[in-house]
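Per TrEMBL, the features are as follows:
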type	residues	note
SIGNAL	1-19	signal peptide
DOMAIN	166-204	domain 'F-box'
REPEAT	273-312	repeat 'WD'
REPEAT	313-352	repeat 'WD'
REPEAT	353-392	repeat 'WD'
REPEAT	396-435	repeat 'WD'
REPEAT	436-475	repeat 'WD'
REPEAT	476-508	repeat 'WD'
REPEAT	525-555	repeat 'WD'
Amino acid sequence: MAYSHSVFLFSLSVSPSLSLSLSLSLSHTQCSLPRSVWLGCSSVAESLCALRCVQSLPSSRAHNQSMTVLESQNNTGDVSPKKTTVFKFGNGSVAGSRKRLSQGNFEKEKDLCIQLFDQWSESDQVEFVEHLISRMCHYQHGHINSYLKPMLQRDFITALPAQGLDHIAENILSFLDARSLCSAELVCREWQRVISDGMLWKKLIERMVRTDPLWKGLSERHQWEKYLFKNRTNEVPPNSYYHSLYPKIIQDIETIEANWRCGRHNLQRIQCRSENSKGVYCLQYDDDKIISGLRDNSIKIWDKQSLECLKVLTGHTGSVLCLQYDDRVIVTGSSDSTVRVWDVVSGEVLNTLIHHNEAVLHLRFCNGLMVTCSKDRSIAVWDMASATDISLRRVLVGHRAAVNVVDFDDKYIVSASGDRTIKVWSTSTCEFVRTLNGHKRGIACLQYRDRLVVSGSSDNTIRLWDIECGACLRVLEGHEELVRCIRFDNKRIVSGAYDGKIKVWDLQAALDPRAPASTLCLRTLVEHSGRVFRLQFDEFQIISSSHDDTILIWDFLNVSTNGQPERRSPSRTYTYVSR
């Protein structure tokens, strides 16, 4: 049914003191009966009631009648925000009201409206409901929101297995950390079943072992690695085993961290018994062995468990000053100016490189590239196709004194010298990039990783540098003599010096300019009776060598608690000087 030349007057009374009138003239327009939204009603019942009243009017009367919609607040003393909407036509009839006139009428109108609503398309239904909601007041929106909230919530973890999609539910929950996984188990039995059947505690531990070296080391040392990374077999324990294992691992980690902070350790000592001159200049270790380079020109390989000497390699005619090995070869540099390549299993000499004019002080190799440095002030870059096929690529010249140490990655080669400078070179082009200045005396050691360079000097200080901009980030003071060796990981810096002391520093505190000086040096380890020449460490131990002809193993994992007094090294803290 259509109504032409109709004039509607909408009078909206928001409060007794405020009214708003809007006159809308619809000339020669068509109003579709099922789509009552154009009447601007605030509810489905009002829409239907207004349409029925309009529909009952003759078209000629509708042309001359006016409709007034009045909405006013009751002034009956009721403080609640109840509103009444009255649709009045010229003849005084009431078209609709927000107050329900009678239960019977409401039910009939509601049923009729639902019938009409069901006939529309989904998009029309959505448009209609959106329009109704836009006509409602705030507290009505609140009621609707409370009604819709539970309808929009879905327990997808329970619903997915019911659809045969257990693997999706397991995959979703596998991203939770330990605390969240504990909470998820308490949600309901179905969630607990999904976690148990999916072996999610096992997967959480496996993820930690893959990404954290401390977890990996613990899994190997405590023998629970054998229960990981296996498909479901009779050998794999149930999920409850991994659930109970997780807090034990956390306790072990906390104990290790406390041992580092408090200096608790178990100490093992290797007496190298050099024949002529005393001193262990360099070393490297893994889980099975320790390989050391000695002042007496020999290379000794030690069993890491029994501490017995397995093999002695001879061939150098000078002290072995530096070495590095992998699973195939050992590469050593000596004061005899040569670099030798040895078979790591047989101990046979595979190659001898003669290039430097003076002692080879340090070397590094990785991914087919080797860099050596010498007392002759030069740096040699080598292409290392195999143990027997090593060719000189480039010689880097720029330092004004002996080059004591080098390190590199795919981007930069970093060198440090007795001339007090650190120089940065491009790995790919071997071109000079920049110089890092700051040390007051010659630099004896450094390590480079990512953007961070940490260096130790004969000015008794340790400096932290940003390699990209060349800025000195921190100066650490505390050693009383030349800082001879230094290593760092994500947590700690460990340094050894000619004062015979090994210091453990908090790396994160050192990188924080707001950190107080008292938080920088965590512990000082005093056991060597001579200069500390070289050290290496991991999450569980430090292994160091000294002029006193010993190799010390500082074990922070297996600390003795069988009634014997624990070894504690004194806690030392020093102020730092920022330059």
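Glycine too: its Cβ is placed from the backbone N, Cα and C atoms.
Note that the structure is predicted; figures quoted are calculated from it, not measured.
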Best-contacting stretch, by C-beta pairs under 8 Å, relative to the repeat 'WD' (273-312) and drawn from 396-435, 436-475, 476-508, 525-555: 525-555
Chain residues in Cβ proximity to the repeat 'WD' (353-392) (below 8 Å; excluding those fewer than six residues from its ends, i.e. six or more beyond): 318, 321-324, 328-329, 331, 333-341, 343, 399-408, 410, 413, 415, 417, 425, 427, 430
Cβ-Cβ under 8 Å with the repeat 'WD' (313-352): same-chain residues at least 6 beyond its ends: 277, 279, 281-284, 291, 293-301, 358-365, 370, 372, 374, 387-388, 390
Secondary structure composition of the repeat 'WD' (396-435) [DSSP: H/G/I, E/B, coil]: 0 helix, 24 strand, 16 coil
The domain 'F-box' (166-204) [mean pLDDT, rounded to integer]: 91
